[in-house]
Amino acid sequence: MTVSEQTKVGQNYVDGLRERFGAAILDAEWQTADQVTVTIKLGSLPDVVEWLYYKQGGWLSVLFGNDERPLNGHFAVYYVLSMEGIVKSWVVVRALVEEHRPEFPSVTPRVPAAVWGEREIRDMYGLVPVGLPDERRLVLPDDWPDDLHPLRKDAMAYNQRPAPTSDSETYTFVNDATGSTRDVPLGPLHITSDEPGHFRLFVDGEDIVDADYRMFYVHRGMEKLAETRMGYDEVTFLSDRVCGICGFTHSVAYSSAVENALGLVVPPRAQAIRSVFLEVERLHSHLLNLGLASHFVGFDTGFMQFFRVREKAMTMAELLTGARKTYGMNLIGGVRRDIMKAERTRTLALVAELRVEVTQLVDMLLSTPNLRQRTAGVGILDKKVARDFSPVGPLVRASGFKRDVRADHVYAGYASLPFDVHTEDSCDVLGRVLIRAREFFDSLSIIEYALDNLPAGPVLLEGFHYRPHQFALGFAEAPRGEDIHWAMTGDNQKLYRWRCRAPTYANWPPLRYMLRGNTVSDAPLIVASIDPCYSCTDRVTLVDVKKNKSTTVPYKEIERYGRERKDSPLK
Amino acid sequence: MLKLFKIIADAGEATAKYPFAPFPVSPGFRGKPELDATQCIACAACTTACPANALTMDNDTATGIRTWQLHLGRCIFCGRCEEVCPTHAIVLTPTFELAVANKDDLLQKASFRLQDCSACGRPFAPAREIDYAMALLRQSGVAVDEARRAEFACCPACKRAATVARDAVSQHLSPEAEQ
Ligand code: SF4
Ligand code: SF4
């Protein structure tokens, strides 16, 4: 897209970079008015990212690799920074990596938020982050061949994978505690649901000294699938399926990435409708999370009531989109379904009912003595840790940072919708619960306002031209934090590269610091407060650092202990 | 505590009677796709649009049969098929009860006869599609009678060969082509 000089938002960052790093800045190219990709010399990567991050109010939203050998003979790494200083914009730092020297200087020692992304680039592309202290794999299984990097263009077909060679895990869990620990033998994972993970809590008696965890047991290979087997317009429907909660948010992020890349102007009515559907999705997720908060503090009646009322949000979704999950609504260029008068009237009625009922329920939850007692001061996400790791959503907002992609960057219809960004300074589980409760009521008001002020006109842009090798970012605030996508179009109407980052990916790394110093019975609450999928934490291994003893406890048992706080599983 | 009891009392019974009573869905709900095989012209627009590969088409040139297949286990109920179908043969119904005891029952099929080319004799397109093309032309005022069926029932390769042959003759005769 050609962006005129006047509209280049973020020019100040590029000027600053040129002034400071001179010849290391090779090129700056705007994808949209507020997205610029700056190509730099590989050696300056840590300096440049660190400067943008700490000196210019940047946050590291996502980073990823790309196999650009067929395009320019090199691999590339991209670090996406959401600039939230005085000027709000996106700066993507890009550096080329030579094929015969597949390594790049690690940014993690300077900006800790890069840790998972760099581990993933090593797994997926075989590019080595030199200086990255954590040398473990992130995504690939232990017995995956060393020289097979799935996202390289010449690696493998999406539907093939090497046969497993071993049943046991060889992954080392990290424990920074000073006491000595013993290696813990692991049984096969008991997978009860779709997203298992493995937790290890290093404990001293009842106190958590450190924690480590491993995810990606069921990595679905969606990026590879999209790049090799699907048309770019079909990926919209795949991106829905990234998540069972914020699926529509993902497809908005994906569609807008492609729209931004191709320079398409989506009609205002379509953008407003996207915002309505996004808020409907936030409604049911917030109620789910508030329900679970009740459950985890042992208030199961509250859990039942929240879930009963949540049905109304699901009905709203069904009414507006034809499915209880807001799936299948996006196309590149707009939405597939308009909002008619009857649907609008019924939705407004549901909004009014929800407002009354949820107000009562939230009052009830907040006046439950258990809630404060169990959540205040628990699972502290220190502000410094938050600043270092770029977490997103209510998690970062409860640590005092006013970050919400709806307010920080332009997408869907939010530019013309009134809402507040709520923050708390308590940094604890309680703060996160309070923020989600407030955001629930905001969503109701946004839906009302948007329905009363829907712009007229078409809901879909038709007749545009597809061009290969264009790229841009797309993003959308999910209930747990922002989803961010980067898409590059390719030949044959297929994506050349698709990177999709869900909010929990950004929120896992700081979790370790939130667990430290709490008791075992608080662990389920703390994990729940980042609102991951519950099956993520299928099984927990407790390692007593003093007694040098390890126990593996089913997650249900820890959860029960968290609620009842008697009969400790450690005894 | 009292507040809680009041909420519970006001809520009444939240449990639906389903499955002992029907469970109504909203208008516009996207459930099981159903094919009206009498309307379908086997054009394959839906199979091209289907993002989940739930819809597929198989051609058997030996028997001259094209088979349309819907695998409900793969369907994501997006309704793209309905959107692109030129004859409104496939629509998404409000049916959401899709459980089957036998996995094979999720596969639905419809077979269509392929038209043999009037020139080379090889099957090339569904016969229904040719009917449809003729009907469309008739509707827009072009006089297409049954006598011209052979023209329409000619495969693209043979049509091209015929055109090339005809043009070669006419070019040879035209004085401009000589220059
Ligand atoms: S509803 Fe969607 S997934 Fe199902 S058959 Fe139609 S196009 Fe395919
Ligand atoms: S698009 Fe309609 S007419 Fe064509 S094959 Fe599908 S169902 Fe049949």
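Placed from the backbone N, Cα and C atoms, the Cβ positions cover glycine too.
Note that TrEMBL annotation is computational and uncurated.
The feature Mg(2+) binding site is assigned by TrEMBL to A:Glu223. According to DSSP, A:Glu223 (Mg(2+) binding site) is assigned to a helical segment.
Residues annotated as Ni(2+) binding site in TrEMBL: A:Cys243, A:Cys246, A:Cys533. Taking Cβ-Cβ distances under 8 Å and a sequence separation of 6 or more, the neighbours of A:Cys246 (Ni(2+) binding site) in its chain are A:Glu281, A:Ser285, A:Ala478, A:Pro479, A:Arg480, A:Asp483, A:Ala502, A:Pro503. Reduced to three states, the DSSP call for A:Cys246 (Ni(2+) binding site) is coil.
Annotation source TrEMBL lists Fe cation binding site at A:Cys246, A:Cys536.
What TrEMBL lists as domain 'NADH:ubiquinone oxidoreductase 30kDa subunit' is A:39-155.
Taken from TrEMBL, the feature domain 'NADH-quinone oxidoreductase subunit D' covers A:297-466 (among others).
According to TrEMBL, the feature domain 'NADH-quinone oxidoreductase subunit D' maps to A:468-539 (among others).
Applying an 8 A CB threshold to same-chain residues 6+ apart, the list for A:Glu223 (Mg(2+) binding site) reads A:Leu151, A:Arg497, A:Trp498, A:Arg499, A:Cys500. Per-residue confidence over the domain 'NADH-quinone oxidoreductase subunit D' (A:297-466) averages out at a pLDDT of 94. Of all Cβ atoms in the protein chains displayed, 23 besides its own lie within 10 Å of the Cβ of A:Cys243 (Ni(2+) binding site). Within the domain 'NADH:ubiquinone oxidoreductase 30kDa subunit' (A:39-155), the DSSP-based counts of helix, strand and coil residues read 32 helix, 41 strand, 44 coil. Residue counts for the domain 'NADH-quinone oxidoreductase subunit D' (A:468-539) under DSSP, split into helix (H, G, I), strand (E, B) and coil, are 29 helix, 27 strand, 16 coil.
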